[in-house]
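K.L.:
Sharing the feature lines straight out of Swiss-Prot:
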MOD_RES   Q1  pyrrolidone carboxylic acid
DOMAIN    24-98  domain 'Chitin-binding type R&R'
REGION    33-55  region 'Disordered'
CARBOHYD  T96  O-linked glycosylation site
Amino acid sequence: QRPVAGGRGKDAVIVSATNDVNFDGSYRYSFETSDGQRASQEGALKQVSAPGPDGDTLGEAVRGDFSYTDDAGNQFAIQYTADENGYVPQGAHLPTPPPIPEAIQKALAYIASQPQARS
């Protein structure tokens, strides 16, 4: 367990921080607090395949991570991406869907192998 200098939660202080914003729209930031919270993120503008509601074809591609320790001493860490596919977090403590049963996998493979019906 890390020693806590500056307290936990609302008493925590920022012990390191970076923030870089570039003219091309890319950026990077990170910080760490005295109670062990950490976060970092970087992003850049990206050409997207479909225009948004305002007709813009530029979007952001972001990736980052954050971690913290709860009051019980459990450590949590999340890595994520966010882009035209949405927010996609990953972490050992996050629930995952159950595996697809074999019979359903076979049925889906069969359906995919069939020619498309024309209307």
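Just so it is clear, glycine is given a Cβ too, placed from its N, Cα and C backbone atoms.
So that I understand the layout, could you describe where these features sit and how close they are to other parts?
P.N.:
Helix first, then strand, then coil: DSSP counts for the region 'Disordered' (33-55) stand at 0 helix, 11 strand, 12 coil.
DSSP assigns T96 (O-linked glycosylation site) to coil, not to a helix or a strand. Using a 10 Å Cβ-Cβ cutoff, T96 (O-linked glycosylation site) registers 6 neighbours.
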